[in-house]
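Enquirer: Structure in structure tokens, see below.
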Amino acid sequence: MEEKNNSLDKNDSTIPADYVHYLHSHPVETIVLLTVLCFLIVFGTCGNLLIITAIGITKQLRNRTHNYFVVNLAICDLIIAGFLNSSFVATIVMGEKWFSVKSILCGSIGFVCMSSCLASLALVAIIAINRYIGICRSEIAHKVFNKRNTIIINIFVWIYSLWLNIAVLKGWGEYIYDRKAIGCVWNRKTSRAFTLTFLAGVFVPITIVTICYSLIFYNIYKTKKMLQAHDKSNTSRLMDREIKIAKVLFIIFIMFMIMNSPYVLVIAADPFDRWPVVVYVVVVQLMHANASGVNCIIYGLTHKAFAQGYRKVFYGLFRKCGYSEDVDDSTLAESKSTKLDYVHTDGNTVGQARSTTTMDTIDTLCKDENISPSVSHQCLRVEFRENVVQHQETRKNTKPETGLNCDPENAGKIDGDETIVAGTAGDLFEIQGYAVQRHQEKKEQTYSVSF
């Protein structure tokens with residue numbers, strides 16, 4: 001019995017003699033923190049499952065390779081929201097004394113915490129790079145982020161995050177119950193070198209996100225000026241489109257900075273661990289809150305395809321049945337077959353096709369002098385609904401002379417709400433998120449509306 005007590009005393013040697021459970025010393029703060037954590041657990045788990053399910057059942061989202069990053073990010077965030085927040089609830093309720101004799105359990109929690117947090121931050125940075133290349137360097141986007149490369153990058157993210165944890169297991173650092181964070185996390189006081197390495201894993205992604213979004217904003221501004229000079233008739237429409245894109249990216253950027261920057265600043269500014277507990281609790285939970293449903297809200301409010309995917313999930317839950325994976329988003333709404341006409345500016349119809357969707361009518365001025373030597377301008381009239389209109393009209397035996405030349409490969413992929421084309425690799429007009437592009441193949445000219 002005496003030997004057992006000595007063993008317990010040895011394990012409790014790091015606990016102050018006047019140790020008081022945080023729940024007893026700060027009951028109000030503890031109740032508030034537990035309430036917030038429980039909300040983050042429920043909302044974050046449901047939100048990230050919603051993202052994964054929406055991508056899985058929505059063809060338009062599933063076919064976009066960049067959404068592989070979104071799924072991987074949602075998995076990381078699901079671990080943080082579901083597992084890590086639950087572990088913080090346990091550490092708050094059970095207290096430091098309970099975890100001090102369960103070092104393996106505490107170390108395992110810290111290992112999962114660090115791995116998922118570093119992977120989540122790395123994926124956010126990669127998504128920012130993906131958006132920069134897709135918007136500003138669209139001519140190489142389909143080569144850099146093809147399906148094979150995207151899968152390799154996603155695997156590498158986890159290898160990278162686990163590799164840093166292996167350094168901890170080798171004795172470079174350790175995981176302990178942190179009295180300031182009130183949870184099992186990495187020991188920021190054991191090794192300054194490891195602390196700096198971990199901070200680099202947080203600071204570098206923040207820097208990458210800042211640079212990428214700054215370049216995107218600059219490219220949008222530059223593109224707006226170019227399009228204003230090219231076609232003044234569409235200036236207001238194009239400006240509205242650019243402003244919308246800028247707002248979405250700005251919201252994502254600001255939320256990321258608000259949620260993650262404070263943690264880096266606090267750790268760097270308090271090397272002697274003198275700041276109060278509340279500061280550390282707030283910055284740690286801000287990082288966890290970023291993974292607990294923030295992305296779900298942003299995607300749903302700013303991306304039509306995700307909003308439709310969410311509706312599919314909710315419809316399936318409420319009606320206790322799912323939609324077929326092969327059903328397009330447009331079939332969720334009533335639609336009817338509508339004729340799509342190409343119309344010259346003189347009013348003569350030159351071609352017709354059929355579509356299964358309908359919406360408002362828009363006129364897109366193509367300014368194409370190659371359709372016919374006798375026609376100086378061509379106007380495309382399209383009636384469409386939601387996301388899906390694919391329309392072609394081929395005029396044979398028409399020899400292109402001068403004018404616009406759009407290379408489909410260099411133009412890159414058009415991705416509705418997320419992409420604006422900078423027109424450097426051929427002229428591509430984007431109206432309300434939809435692109436009208438002209439392909440030239442030998443003596444045939446093909447016009448299409450793509451998404």
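Here the Cβ of each residue, glycine as well, is placed from N, Cα and C on the backbone.
Automatic, uncurated: that is what TrEMBL annotation is.
Model, not experiment: these values are computed from the prediction.
As annotated in TrEMBL:
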DOMAIN    47-299  domain 'G-protein coupled receptors family 1 profile'
REGION    391-411  region 'Disordered'
TRANSMEM  31-57  transmembrane segment
TRANSMEM  69-95  transmembrane segment
TRANSMEM  107-130  transmembrane segment
TRANSMEM  151-173  transmembrane segment
TRANSMEM  193-218  transmembrane segment
TRANSMEM  245-265  transmembrane segment
TRANSMEM  277-302  transmembrane segment
Enquirer: Any chance the transmembrane segment (31-57) and the transmembrane segment (107-130) have 3 or more Cβ pairs under 8 A, given the pairs are 6 or more apart in sequence?
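Expert: No, these stretches are not in contact.
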Enquirer: Do any residues, 6 or more residues outside the transmembrane segment (193-218), come within under 8 Å Cβ-to-Cβ of it, and if so which ones?
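Expert: Non-local partners: 114, 118, 121-122, 124-125, 128-129, 131-132, 135-136, 164, 167-168, 172-173, 186, 246, 249-250, 252-253, 256-257, 260-261, 263-264, 267-268.
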Enquirer: Do the transmembrane segment (277-302) and the transmembrane segment (151-173) come together with 3 or more C-beta pairs under 8 Å, pairs six or more apart in sequence?
Expert: no
Enquirer: Near the transmembrane segment (151-173), which same-chain residues lie under 8 Å Cβ to Cβ, leaving out any that are not at least 6 residues past its ends?
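Expert: 68-69, 72, 111, 114-116, 118-119, 122-123, 126, 186-187, 190-191, 193-195, 197-198, 201.
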Enquirer: Hey, which bits of the same chain come close to the transmembrane segment (245-265), Cβ under 8 Å, at least six residues off its ends?
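Expert: Result: 121, 124, 131, 199, 202-203, 205-206, 209-210, 213, 216-217, 220, 282-284, 286-287, 289-290, 294, 298, 302, 417-418, 420.
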Enquirer: Counting only residues 6+ away from its ends, which parts of the chain sit with a Cβ under 8 Å from the transmembrane segment (69-95)?
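Expert: Distal contacts: 21-23, 30, 33-34, 37-38, 40-41, 43-45, 47-49, 51-52, 55, 109, 112-113, 116-117, 119-120, 123-124, 126-127, 130, 150, 153-154, 157, 177, 182-184, 288, 291-293, 295, 299.
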Enquirer: Are there residues at least six beyond either end of the transmembrane segment (107-130) with Cβ under 8 Å to its Cβ atoms? List them, or say none.
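Expert: Here the qualifying positions are 66, 69-70, 72-73, 76-77, 79-80, 83-84, 87, 91, 145, 153-154, 157-158, 160-162, 164-165, 168-169, 174-176, 183-186, 198, 201-202, 204-206, 208-209, 212-213, 256, 260, 287, 291.
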